[in-house]
């Protein structure tokens, strides 16, 4: 079984990343390089999360084997029994290989390839691809030039941070700059940036995820929030339609002014291909028009203005398509929640839909998930299931917050993650160690990654499901994942005291921490920022619990769902009316 678990997880994680990317991206319409770059970034980050528990169990076995070798009995076999009696711990818990043991030498190479590939993606390739995909240039050279200019300041910031760390090491008389230390400085700079953002996202996710399930058990709350979303989405939908009309009007003017024999006609044709089909048909030019553009001395748009228009058209079409799909999805959600509210008082206990799904259901699913079972699940069981799940997740959140504030204490050990792992290490229960590590790091990852999927920066960054995410947002999410995952894993190893810089024990480190180098090169980072900054998660959790961010956005004019607000009530009523009109149109 040596290495089999590693191979299985590598294959499983690939299909998991592919499935998620298929849900958010569009394989048919988006550029292949965008799909490949995002898939690789997501895959490497998910891989770190799934493989790290195997690294922990393998490290614990290697520590046991090393301790047993150092305390081996004398060669005289006559005193073997006396030795076993004097070493009861070893005789009771012999070192045996875990089922998922990974042979020596594989994990360090594996982590180096995964880590440095992800860092190359997040700091160099993906930012460049992001600017390239968003560029409105008509040639590869023009897009590359735009991407380089946009990323000049971006790359300069990296060099500034790295240079600051480099100067600190150079002027410190106790440190001698070597290649390994130089490598460590780069890793420390990347992890410091990632940890700064990690704590912000983690503090939000630790509260919002349990609360979302608790609120999910309240049907009235969900329906009101759906009405609120409908009102906001209708405003965005109308704005997207207006922007598209304005962009198409500009394209129409350019299409009429630049004739077939103009040097910039190819640029106009490229823009026309990005327009919706109905607009292309309206603006179909007359191929028999041989008007000479030089004789009329007309004022023609420059190539720079066409590049700007091209970029505007791409953005407007993508936004319009996304809002249309989201509106249909939101209508279906509202109709279903209204059906649930009506069926809760049903005497027959048979779930009745206002609109039946046009797609034929699988016979197996249709047989088991019949109207009776659906009524019991939707109207009776699901609310209780969500409440129980919310309580369990809340307990996990409290454990994380407590451990983040106490993981630096080694005597006594206060971090609950470290307590659980050390208890299992004493009995060499590798299955429990791997399950405990996986559940812990999986929960931390869900809190962080789900926040990445939920946050929305106006209309520039937005992960929309049902294949509606644009290339810019996909690449941006890949960048965030690659920057957040390494500090997330280091933070987890610190919580479990598997990081020797935290436990202060002279024990064999995990293969993952060994490639990070000794953070003691930058003592103010290792002994200061990494220890005390995660404690801020407490403040962020309180801020999220009391919805301080939501209230601030609401005061600034960005309407957020708040049950005790007059503006929220107005938008809920407006959304309810919109859903009613949508239902009437479908019933006709």
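All positions are counted from 1 along the displayed chain.
Just so you know, glycine gets a Cβ as well, placed from its N, Cα and C.
Where the annotation comes from TrEMBL, it is an automatic prediction and has not been curated.
Taking TrEMBL as the reference, the stretch among 230-257, 258-285, 286-313, 314-341 described by the feature coiled coil is residues 230-257. Per TrEMBL, the stretch carrying the note transmembrane segment among 343-364, 409-430, 431-452 is 431-452. Here TrEMBL gives transmembrane segment for one range in the set 6-21, 54-69: that range is 6-21.
Transmembrane segment is the annotation TrEMBL gives to one range among 183-207, 558-582, and that range is 183-207. Sequence-remote contacts of a segment are chain residues at least 6 beyond its ends whose Cβ falls under 8 Å from one of its Cβ atoms, and for the transmembrane segment (109-132) they are 6, 33-34, 37, 40-41, 44-45, 47-48, 51, 55, 143-144, 146-148, 150-151, 154, 158, 190, 471-472, 475-476, 478-479, 482-483, 485-486, 511-512, 515. The stretches the transmembrane segment (529-548) and the transmembrane segment (33-52) are not in mutual contact, being linked by fewer than three Cβ pairs under 8 Å (pairs 6 or more apart in sequence). The transmembrane segment (183-207) shares more Cβ pairs under 8 Å with 472-495 than with any other stretch in the list 6-21, 33-52, 431-452, 472-495.
Simply put, out of 6-21, 431-452, 472-495, 472-495 has the most Cβ pairs sitting under 8 Å from the transmembrane segment (33-52).
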